[in-house]
Structure formats: structure tokens, C-alpha cells
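Copied over from Swiss-Prot:
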- 207, 228, 258: adenosylcob(III)alamin binding site (BINDING)
């Protein structure tokens, strides 16, 4: 699927919702991740700010305009300069700050107040705390007994599409992107005439937990929105794992279709919602997902 097709899907879904299509993602990226390059070191600079990310550490460059253009074209750690064989102080401090931010989002919990504010039913896997979640991934693939009973009692049975939200390895990915991806996703699925299940939040969930959820609720397609393992300085990236007619005993990873890198610096959440709606429709038409789908 090329960019032109994606933009057409976005316009179609947003039009069916009665909303204007979002501006091209390039423009939004330019305003959120790019800033005027800075060349001087400063102890007062916020290491997580756009100014810090735009910092150029190469001293006395032969072609400063080339470095400026390169720095604006990527979020990679380029043009940071050297102090002999070592990185410069500001480059090292930013590296450490980004690493700390990534560790923080793995260890943080999604606040219960936030889940209640979104009106979501909350259930959990067999995991009871974050430490166990990180050390026993197998337990994160199964719902606890209380969760099974809650889903049976409070969720729509036999939906065409069941949407599930889980914290995964990034709390920020859920809390930052939720409002921009779930409402248009739910609206788009309903506009497509599909029977949509009750969305809910799974605490301490792993990807394979969607297999049990699909079996339990009799869903044809299960869509799991889960926080990705964060990279350096990128703690807000969300992934979508979609699977057709999942089964705990037989579904393997190749049966899933994944859309990753959903955030404002990657695939914008609103655009991702439109792509997921189109994906769910094709899964139902082809009765397949993952490598079994025809391109």
C-alpha cells in the first residue's frame, strides 16, 4: 500500500465521519520534531526539547548549511561532533536522558484514574505487578479468571471486530495516542457496517492474549493496540496487531498483521485508524490475516 492509497483511505474514513481530513503528516512532523538548529552547548537546555534534538555539535564546519539540512531531515543522532575520541558533553547527556525516558515508560503504570476517565472496562492478565510482567511474558498471554468472567458478562458477544487496548511495554504510547486513534477507529468500523465489540483495557497484556480474547468473545477479527518497546527518545510508539479468527492452540505469529510505529513522528494515529479500518474490512472479505492474506 503506497502513500497515495493511505491518504485516500484517510479521506474516505474521515468523510464518512463528517470530519475534515487531517493535514499531510509531513507538515505535522515538521512542526513537532524539527526546530532551528542550535550550535552552542547550554547547561540550561531541556534535553528532551526540540531544541536539544536539533543541536549541532560539529565545531567550525566547512559547510554549515549542509549540516543544518541534514539535521532537519532526520531524528537520528547525526552532527553531534566529537571531543577527541569521545562524544561531546551535551550529546552524551542527551543520550543518557533519552535512555532514562525509555526506561521510565517501561516501568510506569497506566493510572487507574486515566482508564476510568476514558470509560473503559479494565481487566488484567495473570500478571499482578510490573516486575512479574517483565520477567514472565508467558503469564501476560493469558487472562486471569476474574477477567474472563468480566468479559463474558460485560462485552458484546460474537462481534465482527473486537478492539483491545493494552499497556504493553510503553505506558506513554497508550495515554498519548489514545484520543487520536480510538474514536476515529471505532467510528470508522461502525460506518463500515461492522458489528463492533465493547472496547476494553488489558493491564499487563502481551500480544498473544488477543487469541484468548477472540476465542472467548467469538470475534471474527481482534485488533490489539499495544505500547511498543521504546527506543532511545521515542517512548510514544504504538503498534496494532490484527488477527482473523484467533485460536489459542493454533494461531502463530505469522497469522497476525502488524502496523507499527504509530505516533506523531511516524504514522499519525488518525491515519493509522483509517488504515486499520480498511485492514479489518479486507480481513473479513478474505477470511484471513497475516501471511495468508492476498496482497
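The backbone N, Cα and C atoms fix where each Cβ goes, and this holds for glycine too.
Everything Swiss-Prot records as a feature, shown here on the structure.
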residue	record	DSSP class
207	adenosylcob(III)alamin binding site	coil
228	adenosylcob(III)alamin binding site	coil
258	adenosylcob(III)alamin binding site	strand
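Considering other CB atoms within 10 Å as the measure, the emptiest surroundings among the binding-site residues 207, 258 are those of 258.
Taking every pair among 207, 228, 258, the residues listed as contacting adenosylcob(III)alamin, the largest Cα to Cα separation comes to 11 Å.
Summary of the adenosylcob(III)alamin site environment: with the site residues 207, 228, 258 set aside, the chain residues having Cβ atoms within 8 Å of the Cβ mean position are 168, 224, 226, 239, 240, 241, 260. Within 10 Å of the C-beta of residue 228 (adenosylcob(III)alamin binding site) we count 20 further C-beta atoms, all protein chains included.
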